[in-house]
């Protein structure tokens, strides 16, 4: 249960905005800071991030479980503060081994904090309000990253050590600010431990839910299309001007800001969430077809097809996000939201790590046929979620029935 009277939704949205503002500045400047100011090679920087990425993949479930057992609000706030401390350490680190240690700690606290925050959202909100707040959080994520990237761009324009330090310091402070805002939320009571003999990390044995997470991860391949695949595709396979990549990014961000909340209306239960996934599959498939046809056309035709594809892409992205919020929360046990959200959202970290290489081979090396293959993957993923949800519902009902039978005293 929760205690306190503050509006949790508004606080969660504000905390998200503060945190992503700093993240945007960090993402924009970190590569050049570590290579130009600290003096690491590009290979060293990449290796350090890869090691940290693996650590981040493993953080969600255990830290989510910790949020369940120790209280989601406090655990999330502590992890955000620790992520800020890890970021601040970048300001003084000069050796590669220490950089790897700091990057691993940052990944653990950041990804663990993300899982804990999802548990916090699930415990503090419910139903349509949960989806509405998640939609607003996604909107301010785009706004925060854009504003932060603008501040990072200023640091890049100065290209001095103090400018880079200010950008990284802003990110460290954004984590601390996020933590302080989260402490304003009503207290979230810890969930009692399960009965003796119950596995501590039950989500790792929940195969139906793991399938849901896998399908969602496949659908999340839409995320790196915009900032990884499309710039390479435009420059190497189309006659469109290279600045179209930036224009499509602006189109995507603006569409999310304007329409994400509106598109979530009515997506507050499993049936509309599954419909959203089907629409996402169709929309993303159509986007891939449009992108594939942009190759070999005139500049004007290529630009038109890229804009159409980007519109279909952002529509699929928005409805997929809304559907995933309902599915991820509704099919997770109420007393294990943290560890279940940790697994469900591991797909975000996984796509950030592996999707760029996969998409580069599939779309840039294969060309137009690769887009058609990817479109088919999106369509199958959008349609496959319904039978996977039905399996998860049956499995959960059977588990609850077995638990109820076990609780009946024997005469």
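Placement of Cβ uses the backbone N, Cα and C atoms for every residue, glycine included.
What TrEMBL lists as transmembrane segment is 12-34, 40-63, 75-93, 99-116, 137-158, 164-183, 209-234, 240-261, 273-293, 299-316, 343-364, 370-389.
With a threshold of 8 Å between CB atoms, the same-chain residues lying at least 6 positions outside the transmembrane segment (240-261) that come near it are 132, 135-136, 138-139, 142-143, 146, 226-227, 230-231, 234, 294, 299, 302-303, 306-307, 310-311, 313-315, 317-318, 321-322. Long-range contacts of the transmembrane segment (273-293) within its own chain (CB-CB distance under 8 A, at least 6 residues past either end) are made by residues 219, 222, 230, 233, 267, 305-306, 308-313, 315-317, 319-320, 322-327, 330, 368-372, 374-376, 378-383, 385-386, 389. Of the recorded ranges 164-183, 299-316, 370-389, the transmembrane segment (137-158) has the largest number of C-beta contacts under 8 angstroms with 164-183. Proximity of distant same-chain residues to the transmembrane segment (299-316), defined by a Cβ-Cβ separation under 8 Å and at least 6 residues beyond the stretch ends, is recorded for 222, 225-226, 230, 234, 238-241, 244, 248, 251-252, 255-256, 263, 279-284, 286-291, 293, 378.
Residues 50, 53-54, 56-57, 60-61, 64, 111, 114-115, 118, 203-204, 209-210, 212-214, 216-217, 220-221, 223-225, 228-229, 232-233, 236-237, 324, 328, 332, 370-371, 373-374 of the same chain lie 6+ residues outside the transmembrane segment (343-364) yet bring a C-beta within less than 8 angstroms of a C-beta in it. Scored on C-beta pairs under 8 angstroms, the neighbour of the transmembrane segment (12-34) with the top count among 40-63, 99-116, 164-183, 209-234, 370-389 is 164-183.
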